[in-house]
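Novice: Below you'll find the structure I mean.
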Amino acid sequence: MKQSNSKNTPPIASKKVFIKTYGCQMNVYDSQRMNDSLSAQGYVTTQTPNDADLILVNTCHIREKAAEKLYSDLGRLRMMRQKRTSEKPLMIGVTGCVAQAEGDEILRRSPTVDLVVGPQMYHRLPELLQQAQQGKKIVETNYAVEDKFNHLPPHNKRAVQKRGVSAFLTVQEGCDKFCTFCVVPYTRGAEISRSVEQITDEARQLIEADVKEITLLGQNVNGWHGQSTDGKTWRLGDLLYHLAKLDGLKRLRYTTSHPRDMDESLIAAHRNLDILMPYLHLPVQSGSDRILKAMNRQHKAIDYLNLIEKIRTARPDIAFSGDFIVGFPGETDDDFEETIKLIEQVGYSSAYSFKYSPRPGTLGATMKNQVDEKVKNDRLQRLQALLLDQQHRFLRSKIGQTTDVLIEKDGRHPGQIVGRSPWLLPVVVDTQAPIGTVMAIQITNASSNSFVGEKANS
């Protein structure tokens, strides 16, 4: 991996940065990498905004009123800044997808902001911050010509160890699907895939920092493609086989996937790789073919159901989660009933569900037949009740089983530890074990969103 250009920037001594992160796992990853870049310049992370010399708000633009939430935060930061003295000034920056979408508008509405940086430009954060410290207002939302990942410093080993034994690793960014409800193609750009070399190098850095479980990230992660050292074209399944060979790694996951890109090699990886956890987040959004077409999802409900069956045949113990949108423009009662029917057929271990909210710049925002808010609320309530019932059923179905659990942290009470089940849901155990070990745990009980277990008899 090439060394970061940020190393040419003079170090900044004894400064503290606080990053507030909204949104998806990739935003969490991006915030961590921003911290790495700033750490290389002498910044240390603080969990207290009042202690910070620099506050960054890393934003998400997926849901309704994302910009308003940002401006509300910025109003509070403005008051915090006014209380500062000249001996401890406060710099304020906005990053992420709202930064990309709003750009100069953020400075117009909130002049207290010093810099606005889009998700493809945060590798330049140290140099942009230096310019802002000299009094220049920064808006950098272009798409970088250079590969940003080649210009990020290596992971800060101590910071990785502090975060825990599970880590995210971005392998793919952007989306070319252009679903009519989604802003991702406009805020994250076209699909790009990181090289096998980059990914392997970063995975090794994480493993050397005691990470045991890596989740590969992408807006359309199973759209990843690359080349092996001998020039063969690889898809995500091939990459998983490759990473599974790394010494010290105990678990692999990936998210988020599009049904159209679930190819045979990826399904085979679920069948053949024990290191690949039996959990898959596979959004569908609706069970109505008419609505799926209006959303430009590029598949029908039966295609999704057939895919679920094929994956379950390959890995019978797999748990599925999904995404659902109710109240998309033109959705009728019959369309909604088709979604309910699909959920009943699949049986999810967990899921995310939302009311449709028009996103500026998307085709969905211009569609007629917008659904009444009360209807959306009623449908969402019914859908979430069904999904919650399925989650409870899934949790209870595991009682009495013994499964391997990755121990992640100490529990709330003395003598208690918390681990991660293969199905992603947490497990609370009254025992002691080193963080990072994988233990055989018998599930003895379940709450609404976690398991309770005990160390299995050997």
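Glycine is treated like the rest: Cβ placed from N, Cα and C.
Small disclaimer: the values here were computed from a predicted structure and weren't measured.
The annotation domain 'MTTase N-terminal' is assigned in Swiss-Prot to 15-134. What Swiss-Prot records for C24, C60, C97 is [4Fe-4S] cluster 1 binding site, and it gives sequence analysis as the kind of evidence. What Swiss-Prot records for 161-393 is domain 'Radical SAM core', and it gives sequence analysis as the kind of evidence. As annotated by Swiss-Prot, [4Fe-4S] cluster 2 binding site applies to C175, C179, C182. Positions annotated as domain 'TRAM' by Swiss-Prot, on the basis of sequence analysis: 396-457.
Mind running through what each feature is packed against?
Specialist: Mean pLDDT, taken over the domain 'MTTase N-terminal' (15-134), works out to 90 on the 0 to 100 scale.
Counting every protein chain shown, 19 other Cβ atoms lie within 10 Å of the Cβ of C60 ([4Fe-4S] cluster 1 binding site). DSSP assigns C60 ([4Fe-4S] cluster 1 binding site) to coil, not to a helix or a strand.
When Cβ atoms from all protein chains are considered, those within 10 Å of C175 ([4Fe-4S] cluster 2 binding site) total 23, not counting its own. Taken residue by residue with DSSP, C175 ([4Fe-4S] cluster 2 binding site) is part of neither helix nor strand, so it is coil.
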Novice: Measure from the Cα of C60 ([4Fe-4S] cluster 1 binding site) to the Cα of every one of the binding-site residues C175, C179, C182, then give the nearest.
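Specialist: When the Cα distances are compared, C182 comes out closest.
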Novice: Considering the binding-site residues C24, C182, which residue's Cβ sits among the greatest number of other Cβ atoms within 10 Å?
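Specialist: Per the Cβ count within 10 Å, the most buried is C182.
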Novice: Within 8 Å of the Cβ centre of C24, C60, C97, which other residues of the chain have their Cβ, at the recorded [4Fe-4S] cluster 1 site?
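Specialist: For the [4Fe-4S] cluster 1 site, the extra neighbours are Y22, G23, M26, N27, T59, H61, I62, A66, G96, T187.
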Novice: Which residues does C179 ([4Fe-4S] cluster 2 binding site) neighbour through Cβ under 8 Å, counting only same-chain ones at least six apart?
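Specialist: Those within reach of C179 ([4Fe-4S] cluster 2 binding site), by Cβ under 8 Å and sequence separation of 6 or more, are Q285, M295, N296, R297.
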Novice: How big is the gap, in Å, between the Cα of C182 ([4Fe-4S] cluster 2 binding site) and that of C97 ([4Fe-4S] cluster 1 binding site), rounded to a whole number?
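Specialist: Between the Cα atoms of C182 ([4Fe-4S] cluster 2 binding site) and C97 ([4Fe-4S] cluster 1 binding site), the distance comes to 12 Å.
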Novice: Within 8 Å of the Cβ centroid of the [4Fe-4S] cluster 2 site residues C175, C179, C182, which other residues of the same chain have their Cβ?
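Specialist: Close Cβ neighbours, site residues excluded: K177, F178, F181, V183, V184, P185, Q219.
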